[in-house]
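Undergrad: Just lifted these from Swiss-Prot, have a look:
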type	residues	note
TRANSMEM	16-36	transmembrane segment
DOMAIN	16-306	domain 'ABC transmembrane type-1'
TOPO_DOM	37-59	topological domain 'Extracellular'
TRANSMEM	60-80	transmembrane segment
TRANSMEM	139-159	transmembrane segment
TRANSMEM	163-183	transmembrane segment
TRANSMEM	243-262	transmembrane segment
TOPO_DOM	263-267	topological domain 'Extracellular'
TRANSMEM	268-287	transmembrane segment
DOMAIN	340-575	domain 'ABC transporter'
BINDING	G374, M375, S376, G377, G378, G379, K380, S381	ATP binding site
Amino acid sequence: MIKRYLQFVKPYKYRIFATIIVGIIKFGIPMLIPLLIKYAIDGVINNHALTTDEKVHHLTIAIGIALFIFVIVRPPIEFIRQYLAQWTSNKILYDIRKKLYNHLQALSARFYANNQVGQVISRVINDVEQTKDFILTGLMNIWLDCITIIIALSIMFFLDVKLTLAALFIFPFYILTVYVFFGRLRKLTRERSQALAEVQGFLHERVQGISVVKSFAIEDNEAKNFDKKNANFLTRALKHTRWNAYSFATINTVTDIGPIIVIGVGAYLAISGSITVGTLAAFVGYLELLFGPLRRLVASFTTLTQSFASMDRVFQLIDEDYDIKNGVGAQPIEIKQGRIDIYHVNFQYNDNEAPILKDINLSIEKGETVAFVGMSGGGKSTLINLIPRFYDVTSGQILIDGHNIKDFLTGSLRNQIGLVQQDNILFSDTVKENILLGRPTATDEEVVEVAKVANAHDFIMNLPQGYDTEVGERGVKLSGGQKQRLSIARIFLNNPPILILDEATSALDLESESIIQEALDVLSKDRTTLIVAHRLSTITHADKIVVIENGHIVETGTHRELIAKQGAYEHLYSIQNL
């Protein structure tokens, strides 16, 4: 896991190295203070060979040098170190999020059907951000603390070996304590992160569906459901907090014993004349430079457990396999005719579930309008979703212009199929930007032209800022009919040879339906058009009507032929016209 993460770090290794070098200088400067104290006591105050004026002169020079180092030299070093560390870590997170976003766009509809959007967002935002601590702490601060400890110990050994050995007495207990607590903390951190993601997933769903909550007046019930998720997170968080508190209390106790031992031994040596008072004072100063980093290392280990848990979750997402892959030798094939042939297609969402489609065979000619009808759950929309490869067939094959759709590059295939759905998604951007999704390189004139053809231009011009009006999240500021017209406009802009209308007008009032049906009639002209519809009155003009029941095609023909047949279609039509 760490090795994989380091692949993102590798392009910035020289900056990290520079950050560590600058950090060594930054942390090395405070180590002069204990030596300054020793010099002031032993070299000046207790130096009876110097006169008072000489003592003041020597002390003034020493303090002047110290002030120059701490006031003039250290601040820019501190700035450079902080800037380098933050720039590098944020750039690495930028690369990770970029990779994750591209990965998410490549994942199939099956992944999104099986995972809460809120949890996915939590991994991309929260978990990636949490891994920043691995860069700042694991790759920078830990090394700086270790180097600080080594430098401090070297100076302490130089000052007095016995006192240094006394300081090292607690090290074995320190290492044992860290070892005991670290593994447990990592497990608890992973559990806490998962619980937080569940809270975020629940919250995301309920906020998106707040109209349902309010319409059924189930606020109290949903508050209880949220409280269950929130309470589970609280339980996990408190377990983590309790264990974290145990570790800090134990390790701080161990590191507090060290200075007490050193002061006791040092005082005895000073009384006996083995060391000077200045040496003892310097040693006490170095104790904080020794045990301070040791305490920070414990905090670093705690931080790293959280970072590793988040790293696990990030790579779980990165390792999510693609259901829909470009086949070997896939090409950006141009669809020239738009003929579709479906041979012996079977489909099931999961291996342990019953088939949704069973031995589907169908041919659709160039420019033909074909409608798919039947009871809900029969498999109409599922069949439609197989053509742009939102899902792959379980068995059988689908051909377009004689080419297996798996021979197309996925992006090339989908770019040549226009899809208008019942609830089209608009992004929280301007009207113009939402239309440009059809072809981002289109000109303003082309945007206006397709809006006119889609019967959208007039209502757009009545909006506060016209084409520059923000539509809100999912187009919340627009009516259903207005959103549908914008979605049709972007299909016009893309101008695909194949068009799929999946319940495109079923949720609209009669006036909106009439306006949109007019636009759809223009849109479907000279294109192979597939329509999924519940309102049979909207598809009587179709060249072919396909009736699907329980995953089987049970009837095929024109409206007149099927009415005359008095079968499944005639039964559905009669029910709707009672």
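Cβ coordinates come from backbone N, Cα and C, glycine included.
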Undergrad: Under 8 Å Cβ-Cβ from G379 (ATP binding site), six or more apart in the same chain: what's there?
TA: F347, I356, L357, I548, N550, G551
Undergrad: With the ATP site defined by G374, M375, S376, G377, G378, G379, K380, S381, which remaining residues of that chain have Cβ atoms positioned within 8 Å of the Cβ centroid?
TA: T382, I548, E549
Undergrad: Is it true that the transmembrane segment (268-287) and the transmembrane segment (139-159) have 3 or more CB pairs under 8 Å, sequence gap of 6 or more?
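TA: Yes, the transmembrane segment (268-287) contacts the transmembrane segment (139-159).
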Undergrad: At least three Cβ pairs under 8 Å linking the transmembrane segment (16-36) and the transmembrane segment (243-262), pairs spaced 6 or more in sequence?
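TA: Counting Cβ pairs under 8 Å (6 or more apart in sequence), the transmembrane segment (16-36) does not reach the transmembrane segment (243-262), since there are fewer than 3.
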Undergrad: Could you pull out which residues elsewhere in the chain have a CB under 8 Å from any CB of the transmembrane segment (243-262), counting only those six or more residues past its ends?
TA: 163, 166-167, 169-170, 173-174, 177-178, 181, 184-185, 188, 283-284, 287, 290-291, 294-295, 298-299, 302
Undergrad: Check the domain 'ABC transporter' (340-575) for me and report the mean pLDDT.
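TA: Per the prediction, mean pLDDT sits at 87 for the domain 'ABC transporter' (340-575).
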Undergrad: Grab the same-chain neighbours of the topological domain 'Extracellular' (263-267) for me: Cβ-Cβ under 8 Å, and only residues 6 or more beyond its ends, written as numbers and ranges.
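TA: For the topological domain 'Extracellular' (263-267), the sequence-distant neighbours (Cβ-Cβ under 8 Å, at least 6 residues beyond its ends) are 162-163, 166, 275, 280, 283-284.
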Undergrad: Check the binding-site residues G374, G377, G378 for other C-beta atoms within 10 angstroms of each C-beta and report the one with the most.
TA: G374
Undergrad: Using Cβ atoms and a strict cutoff of less than 8 Å, what residues sit near the transmembrane segment (163-183) while being 6 or more residues removed from its termini?
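TA: Tertiary neighbours of the transmembrane segment (163-183) are 153, 156-157, 243, 246-247, 250-251, 254-255, 257-258, 261-262, 265-266, 269, 275, 283, 287, 290, 294, 297-298, 301, 305.
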Undergrad: So of S376, S381, which of the binding-site residues has the fewest other Cβ atoms within 10 Å around its own Cβ?
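TA: Lowest Cβ count within 10 Å among the binding-site residues (S376, S381) is S376.
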Undergrad: Including all protein chains displayed, how many Cβ atoms other than that of M375 (ATP binding site) lie within 10 Å of its Cβ?
TA: 14
Undergrad: Sequence-remote contacts (6 or more beyond its ends) of the topological domain 'Extracellular' (37-59), Cβ cut-off under 8 Å?
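TA: Sequence-distant neighbours of the topological domain 'Extracellular' (37-59): 159, 276-279, 281-282, 285.
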Undergrad: Please report the DSSP secondary structure of G378 (ATP binding site), reduced to three states.
TA: coil
Undergrad: Measure from the Cβ of K380 (ATP binding site) and count the other Cβ atoms within 10 Å, all protein chains considered.
TA: 26
Undergrad: Across the topological domain 'Extracellular' (263-267), what are the DSSP residue counts per state (helix, strand, coil)?
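TA: The breakdown for the topological domain 'Extracellular' (263-267) reads 5 helix, 0 strand, 0 coil.
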